[in-house]
Ligand SMILES: Nc1nc2c(ncn2[C@@H]2O[C@H](COP(=O)(O)OP(=O)(O)OP(=O)(O)O)[C@@H](O)[C@H]2O)c(=O)[nH]1
Ligand SMILES: [Mg+2]
C-alpha cells in the first residue's frame, strides 16, 4: 500500500491528532483547521492522514495531521498502521510529530486512556483533548479535570468537537512553550523488544487505567439505556434483518418517487435551453457543438443529480446515526458464508458512492485475504456514476406504474439491479473462497457506537460536497469527453450525396460500427458501442455520449429532443436489458483501476479485476439478451 503525501504547508511544528476510532478526531481537526473532512458515527471513517493548518491563540502557525483511529500502538489493520508509523516517525515523507493531541472519548475512558498511556510512553510531548463531554454529562458522568490531568501527568482540555467548545482553550494551551519539550528520551524508529514488551505494557496500562478510574470515582459501569433499547429491535435476529431490508427498499423507492419533480424541471430547462440557443444561433458547427454536444450531452447527465442527492441523503443519515456498524453486525453471518466478515460491509457500502473510497476503506480490514477480496468485489457495488445509466434505461423502458401498496415499479427494478450487483459480488467472493484458504476462524470485533440524531449541518454539508463533486465531474471530465466525442462524431463530414445521418460517416461512426461487430452478439447497436468507450473514463459519460450520438444521428430538425423517448423507440427491450446487465458489471472505470493498483502495490490485481469484470459483463449481457429474445421481448 503506497502512501500519497501532499504537503500543503511545508515546515512549521507538526501536531498529530491521535485517538481511538470514532472519538471525534476529525470533528476536532475540522474545527481547528477549518477543513471539511468526512465525519461519521462509526469506527474507521478516516483511513489516511490528512493535513491542515491552524493558528494558536498568539497566531503561531502549526501543521495539523488528522490520523485514522487506533486502539493500540500495535497495528492490526493497514489504517492503524498509518497512525502508528507516523507516531514512530516511520511515515514516508513525514517527520515525527512535535506534539500529539490525544483525543479521548469521555464516555469510553477505560479503552481510550490506555492509548493515551501508550502514546505518552513514546516520549513525544502530549496533551489530552477530553472530547464528547456533552455526552458524558448527559450520562451523568462527572469527570474531575484537574484530577485526570494529575493522574495522567498531562494537560487536559475539555472539548465538544462538533460544537467547537474547547477549541479556543486548546489553541491557547498550544502557545505554552514548555509543553513542546518532552521529558522522556524519545524512541525514534522500530520499537524493540528490549525497550518494550507489548504484552507487559498492555497489561500494565490496563491496570493503570483501572487505578486512575477508581481514584477518580469513574469506575462504575455506565448504562447506555437508549442505545441498548434501540438495539433490542435493530439487532433482533428476525426483526433486525427485516428492518434492514425495509430500509434499503425504501431508499430505492424514494430515489425514484422524490426525484421526479426536480428531474422534470431540469429536463424541461435543458430542452428549453437547447431550443432557445438553437433558434437564436446561426447554423454551423459551433451551434451543433453547443446544442448537440454540450447541451444534449451534459444536460443528459445533469438530470440525474436529484437522484444521486436523494441516495446520498439516506447514506449520510445512516452513517451519522450509528446504524452502519449494526448492519455490518447483522450481515456478518451471511458474509461469513462467502468467506468474508461483517468488516467488509462498510467498505462495500461506501462503494455505492464510488468504488474509490470503498477500496480505500478496505484498509480497516485486518485480515489481508479479506481485504484483497473486498477490494476486488468493490467495483460490483453500484456506484453513483452508474445511477444515470440505470435511471435513463429504466425511465425509457419500464413504465412508471404503481404496484400494490403504492410501490413504484421503476423503484423495484432499480432495487433489483442493485441487488444483482450485490449478489454477484457475493458469488465472486464465494468463488474466491474456494481458491484461497482462510487463515484462522475469527470473530467479528466491531465497536457499536451510541446512536446519535443525525446533525442537519453534517448532512447538509455532505450533500453540498456531493453537489460539488458532481459539478466538478460534469464540468471537467464529462464535458471534456462529450466535446471530444462530438468532434469524432462530426468529422469528417459526409460525402456529397450521402443519404444516412452525417454521424455514420464520421470517425466515431466508423469506430462504433467496427466495435459493433464485437458487441452485436449481446444486442448492442453501433450507437451504444460508441458510448461504451468514453464510458470507461467516467460511466456517466455513456449517457452523455448517447445524448450526443443520438442528437447527431437524427436527421429531423428538432435535434434537441430528450434522449429517453429516442431510445425507447429505437431499441428493443432485449437490448435495453442487455445494456443494464452490462452496467451491473461495467468493466471498470480507469480511476478505480488506478486506486486498486495503489492499494495493492502492483498491476496484477487491477488487471485481474478488469479481466474478470469484462468477462462477467459480456457473459451476463449475452445471456440476458438471448433469454429476452427467446421470451419474445
Ligand atoms: N455529541 C458529540 N458528538 C461528537 C463529538 N465529537 C464528535 N462527535 C460525533 O462522533 C462521531 C465520530 O466523529 P469523527 O470525527 O468522525 O471521529 P474520528 O475519531 O475521526 O473517527 P475515525 O476517523 O473513524 O477514527 C460523529 O458522528 C461526530 O458527529 C462531541 O464532542 N460530542
Ligand atoms: Mg476521522
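The backbone N, Cα and C atoms fix where each Cβ goes, glycine too.
No curator has checked TrEMBL annotations; they are predicted automatically.
Within the listed segments 294-318, 319-343, 344-368, TrEMBL records transmembrane segment for the stretch 294-318. Remark: the transmembrane segment (372-397) makes no contact with the transmembrane segment (474-493), by the rule of 3 or more CB pairs under 8 A. Annotation: stretch 238-259 has the most Cβ pairs under 8 Å to the transmembrane segment (409-432), among 238-259, 294-318, 573-596. Listed by sequence, the residues of this chain that lie at least six past the ends of the transmembrane segment (573-596) yet keep a Cβ under 8 A from its Cβ atoms are 355-356, 359-360, 375-376, 379-380, 382, 385-386, 389-390, 393-394, 396-397, 417, 420-421, 424, 522-525, 528, 535-539, 542, 567, 605-606, 609-610, 613-614, 616-618, 620-625, 628-629, 633.
Residues 306-307, 310-311, 314, 318, 326-327, 330-331, 387, 407-408, 410-412, 414-415, 418 of the same chain lie 6 or more positions beyond the ends of the transmembrane segment (238-259) yet place their CB under 8 Å from a CB of it.
Sequence-remote contacts of a segment are chain residues at least 6 beyond its ends whose Cβ falls under 8 Å from one of its Cβ atoms, and for the transmembrane segment (294-318) they are 247, 251, 254-256, 258-259, 262-263, 266-267, 270-271, 273-274, 277, 324, 327, 349, 352-353, 384, 387-388, 391-392, 454, 458-459, 462-463, 466-467, 470, 474, 478-479, 482-483, 485-486, 540-541, 543-548, 550-551, 559-560, 563.
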